[in-house]
């Protein structure tokens, strides 16, 4: 059993022009109804207060000097750790000048979690274009978090993206690259590395004693013996054979079009897919509002809603907090599992 309660979750606000503020405010207002774990936002107080007024929400904020103050405040006021970089309130209109604050919020969340002052990092969505315009050089959240983790550990980190929902956990081997580049970038070594990390995290944080991995093919019908592509037999099959030699329960390559119906899903704990959409389409189709983006392979827990900034509905009061709520709940569950395992 745990010797002491977990600290609160650290929630970075994401792009302030998107729906991050909308869904974070909505989630806190439903904290009792949804039995949410304590969390604090890392955001610009003025921008967040302006969004609350814009949405007609009555929210009192508790400006924290220490994250440990969050739990006591959580029942009556929304705990908020103020950014040094201010944000301009501009619902639906991403601004390059907000980039520094977006990056700072992520860095602060990671720092506090690594120090043990937060149980996990929960990130609201960011927009890549304004960040790139400000000099950000990472394809997305996942790669930036890996760099921060690498600085902390003093060695490179391999981040693995998992989409986790109530009916499916799906992991893409390649992530944010054009589909045309996938065959050239796919390697046996990378498939083995991603699968190892997935199996380890399923044991360590998800509490699955003997994880079962279903590994997809790349081509239609998993290549059909080479008739529809060589990668399945030349690249993917050797990876599966290596995983089996290491004692990991892995099978495939499986045709992707028959992997995701209910009887197939019942036979594995995670699907290892070869590219972004092969993993994300079934995950989101099965449970769009309940699926959570989890980054595996980091020295801290990180979850995120599975939607983007949704600039077109920001500030309109129609954004649903379901996916953020699911991300918070999963982050808390993973933190509790890890704490129990280490107790």
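Yeah, the Cβs are placed from backbone N, Cα and C, and that goes for glycine too.
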Write down the one residue from 141, 151, 261, 276 that Swiss-Prot lists together with 176, 221 as binding divalent metal cation.
276
For the substrate binding site, please report the maximum Cα-Cα distance among 141, 142, 284, 293, 302 in Å.
19
Highest Cβ count within 10 Å among the binding-site residues 141, 221, 302: which residue is it?
302
Neighbouring binding-site residues, C-alpha within 10 angstroms of residue 302 (substrate binding site) - of 176, 221, 276
none
Hey, does DSSP put residue 276 (divalent metal cation binding site) in a helix, a strand, or just coil?
helix
Pairwise Cα distance for residue 276 (divalent metal cation binding site)/residue 142 (substrate binding site) [Å, integer]
13
Across the binding-site residues (176, 276, 284), the Cβ with the fewest other Cβ atoms inside 10 Å is that of 176
